Amino acid sequence: MLHLICLLCLVDISDAVMDLTMTSNGAISAQHFRLSCISGERDIDGIQLSITKDNSIVRRADSPQFKVQRPQTKEVVATNFTGFEHSGIFYCHSKRGSDQPGSITLINNYSKSNFKPVRVTLTASKGDEVKLIMDVVETERRDITWKFNGNYHYMTPIADVQNHKAILDLIKVDKSHTGIYSVSYVGDSALYSTWIRLIVRECPKNKWGSDCDKDCPECLNGGVCHDKDGDCVCPPGFMGMRCETACREGMFGRNCQESCKSENGCQGLSFCLTDPYGCSCASGWHGDHCRKPCLEGMYGADCLLSCNCENKGKCNRFSGCQCPTGWRGQYCEKSDRAPEILDMASNVEGNLNSSHKITCSATGHPLPSHLSIELRKLESTVLKASHTTMDSKKSTAHFEIPRLSAEHNGLWECRVSTDGGQDTFKFTLTVKEPPYPTNAPKLLSRSSKKLVVKPVETFMGDGPIISTKLLYKPVDTKDSWSSIIVYDSDQITLPNLKPSTRYHVHVQLARPGDGGEGPLGPEAIMETDCPGPSSPRNVQADTLSISAVRLHWQPPEDPNGGIVKYSIEYQPVGQSSFHPWVDTDDGNKTTKDVTSLNGSTLYQFRVRAFSKVPGEWSKFVQARTHGDRFSNYIPTTQQVGRPMAEDHQLLWAVVGSVAVTCVTILLALLILFYIRKSVLKRKRTFTYQSGSGEETILQFNSGTLTLTRRPKPSSEPLTYPILEWEDIKFEDVIGEGNFGQVIKAMVKKDGIKMSAAIKMLKEFASENDHRDFAGELEVLCKLGQHPNIINLIGACENRGYLYIAIEYAPYGNLLDFLRKSRVLETDPAFAKEHGTASTLTSQQLLQFAADVATGMHYLSDKQFIHRDLAARNVLVGDNLVAKIADFGLSRGEEVYVKKTMGRLPVRWMAIESLNYSVYTTKSDVWSFGVLLWEIVSLGGTPYCGMTCAELYEKLPQGYRMEQPRNCDDEVYELMRQCWRDRPYERPPFSQISVQLNRMQEARKAYVNMALFENFTYAGIDATAEEA
């Protein structure tokens, strides 16, 4: 008989998974069979325990007669079984009040069944492939029936049974596969079935959480990661956050507090724990009835684990490796080492009356446990950790001070004590008082619908002030408070107010950190102005000429006083930066000519009236000015008193002049056609050095690029989409370098007109430039189409020169686009009014990075190395889609070793590229990290202020760019991963893309664009970027 004792003074390590155990003595006869259900919770009051038998999967007409008793408050026992009552499926239930109930399932198969399961329970993860295996004890010439939860599932023909094993294969299991599977010969009663239970975790292997996006801890010694809360469910005989600690022989429970009090310890007992663990023998035992000790070298529950002890450790079948002095770890592979506190700040700030959290991380062997890390205020308070997280390298204790007071000011220390020694770290905790204004806010100006307020002049408490919040609502109303938060306290505009209305206005200041908001300052009463005129009616715009449009309208329905003038605002449609306007001479005029406009341009206009205050704008109306071409000019016919003869002479003179002109033009066209025909017969040929050191001859002719490599004469014609010279209409130069130009053009391809960017080399370009240019065409042809790369439209060879047409990106390159968004430099008034440092949002900046990562994933899948990934080589297309461009240095090889001299993008290059001229996709990952830094810094120069020589020296020593102040830790950690010394440790682009897209979905401001105190942009050094 099993008697249980409770070991006192043991610490409850985790309360997330219910400490509930069900045991069976596995007796063959019903009268000796015994079940026990034990709660290991420290507070047992109010817990209801029960044992029941399933009657839904195996239905019986008669009710069970076994007795359930509760000899102790924490245990119920089922005994006095008769007949076949002890065979079947049993449940242990635990319930306390409104808490979530706990349940355990135990299977006891009939001892004389024709089948025997290899394991009574089996645990799998979502997506696994599972084999349910039954040993065939008695072979008969009948097929075998598999049932799932009592219903028919599958038939195994007897001919398929091999080696006396019946196997059921389950592919890509999920939660719906969890349940009871039974097997029997066709025609046998369900009472003679053999059962096996499959438990499927709701997450893939090593993942947990409601979204299965969290990594499981490393559960040791056969522990199983819980898919809901991430705790390790430890097998009987082990305990700890990761099941790293073995119980003494014969002990079990979450904290090893229960005991098998018999001469043979836990021999002969089956243990079932909460899902997803299932059932097993106790540690050190295995076999049908858990009576066989482990074989030499094996240990743990069901003896499934191998010791594999190192450093002269000895295998114990109950606990695993027993390590000699100086060694520890699961396999005695770790030497003892004194603890060491990691990366803790020496000065910590918190806000008065707020809840404050502090973490202290330490490493060592053994790893510090939950109670071995504590915070002490010298000579007074001692804080215990609320919880501790552990991984394979360190332990992190989390402390919380519920309410900071002035008494918490002073010197503190984190103290870590383990068997390996002790370490302390002293730090200063400063309690700051949140700021609050000493004066009421001041009214600077007002209109009918807005108030401009100076929020604060002086304040009490501690700075710095990171935000100012204005709260306002109308006087004598029960309306809720409205609020505006800004990050520059010079002045704040309260918009969309009611005319002629008095408002309560308060100011609330905030400093950094949780609880940094101070109390409300003194109140001010402010009143809006009387309303202005309503909007003018029936506004219309009529085009007068190439440069003038006439506006006319009807007066407002509600003038709200005498109208003194009208104001017309206008601008080209699509332009958003500059808004010119003109005024009428007085308030009686309802027409106005707007002059000095551009020809052939679509404009939009709106009008508003002025009384004492400006009125409401009308809706926009549009009009297009006339073009400046002759086709748009319609002459008027007038009768002039001139003799008929003069008219005939003039007519013949005009006809003769036109005829001569036409003949001249025709001759010129014929000469040009002849010249072009002779030129087209020529080819342009030159050589360049390939990555392998071979010379390559490039020939352009009739839409093919032919490469001939020496010394092995062979040709590899590469076909490109051809464009006819006549189908390209050049417009404006949009980019120019030392050796090439990019020109915007309109091209026609397959009968469709589209905008394109035409790349061409200048006449004096070097052969290296020709090499890179032709190589870019080769790369574009081989890459194909993708939304996040600049795609090839076609190419044209004219007079021996190559022209490449690529997608036109209307917003230019990403570097310039980022720098133009620095609104504090381009439009300080806008920046201060909206409290932002950029016209771009955090979501848009992250989307640029995600687009580039997706494009680079595509390139790496194609085994292309870009070699010059930087913001200047990324273009911004329609809908602000980032597209990778400039493939002049790209190579279609997994590893490329540069053997030629040329310009190098040093500030974007990986360590191995700088030192050994070796390029791989992993060196592109390094460059992506620098590009991500450029995005976060809005186009800053990497390593600004450092020379290339300093980079060659400091990068191998571990120097990396600092974290931008507006950058979230998770984004900076991604940069650091990209800049790891060893290329194989850098993440692949597929992982980077997934991580950035996950950040996008989180809707969190990973890049803070709000203005904060002493905000400055990252430096720009145009001369350094050329190196």
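Quick reminder: no glycine exception, Cβ is built from N, Cα and C everywhere.
All annotation found in TrEMBL is predicted automatically rather than curated by experts.
Lifted from TrEMBL, the feature list:
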SIGNAL    1-16  signal peptide
DISULFID  C234-C243  disulfide bond
TRANSMEM  650-675  transmembrane segment
DOMAIN    728-1007  domain 'Protein kinase'
BINDING   G735, E736, G737, N738, F739, G740, Q741, V742, K759, R872  ATP binding site
BINDING   N873, D886  Mg(2+) binding site
Averaged pLDDT, computed only over the residues in the domain 'Protein kinase' (728-1007): 85
Most Cβ neighbours inside 10 Å, all chains, among the binding-site residues Q741, N873: N873
Cβ atoms near C234 (disulfide bond) (within 10 Å, other residues, all chains): 33
Proximal residue to K759 (ATP binding site) among recorded positions C234, C243, N873, D886 (C-alpha distance): D886
Top Cα neighbour of G735 (ATP binding site) in the set of recorded positions C234, C243, N873: N873
Surrounding CB atoms that lie within 10 Å of the CB of C243 (disulfide bond), all protein chains: 22
Other CB atoms within 10 A, centred on G735 (ATP binding site): 13
Cα proximity to C243 (disulfide bond), best match among binding-site residues Q741, N873, D886: N873
Number of Cβ atoms other than its own within 10 Å, given for D886 (Mg(2+) binding site): 20
Cα-nearest neighbour of C234 (disulfide bond) within the listed binding-site residues, Q741, N873, D886: N873
Distance from Q741 (ATP binding site) back to D886 (Mg(2+) binding site), taken between C-alpha atoms, in Å: 13
Cα separation, N873 (Mg(2+) binding site) to Q741 (ATP binding site) (Å, whole number): 15
Assigned element (helix, strand, coil) containing C243 (disulfide bond), judged by DSSP: coil
Coarse DSSP state, helix versus strand versus coil, of N873 (Mg(2+) binding site): helix
Assigned element (helix, strand, coil) containing D886 (Mg(2+) binding site), judged by DSSP: coil
